[in-house]
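Data block below; observations after.
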Amino acid sequence: MQLNIPTWLTLFRVVLIPFFVLAFYLPFVWAPMVCAIIFVFAAATDWFDGFLARRWKQTTRFGAFLDPVADKVMVAVALVLVAEHYHSWWITLPAATMIAREIIISSLREWMAEIGKRSSVAVSWVGKVKTMAQMGSLVGLLWRPDHNVELASFVLLYIAAVLTFWSMFQYLNAAWSDLLEP
């Protein structure tokens, strides 16, 4: 297998995860900003690798597998770190909801692909808006430069949580008849 630039970008995103975690725990005033910058950079590679793969016609099976895995791991790690930092149910609850949704939908997509109906659970616009709200909230909650950014990030986190439920129910609804078949 020959790796192309989009796949290298996806692999780079995976490699950034331990550095992102390390930056989170560094005992320096600038550590939250560095952590947020690494997260933003990783999130940007998520968009860029897909863009390049489509534009250069370099989509691969490995890239199609690795890209969503890298995304989910990056976001799940960020949500766990944020929940740990705030150590509060009102942050942990939406974080756990979002992680659970990712596991449920990933499993649903895999199952639908096995029965030949992968397109029934394609990514929706609600999922894309959820991702934008989620990324925005995580950047703010990782960085925490001031109280206003933190408050705006809390609001975005809850918007992302609501959209998480909405998109999850859309996916489940699209697959419902297949799920109920004997």
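Sequential numbering from 1, following the chain as shown.
Using the three backbone atoms N, Cα and C, a Cβ is placed for every residue, glycine included.
Swiss-Prot assigns Thr45 and Met132 to the same side of the membrane. Helix first, then strand, then coil: DSSP counts for the topological domain 'Cytoplasmic' (1-12) stand at 8 helix, 0 strand, 4 coil. Note on the topological domain 'Cytoplasmic' (82-86): residues 24, 92, 95-96, 138, 141-142 of its chain, located 6 or more positions outside it, place their CB under 8 angstroms from a CB of the stretch.
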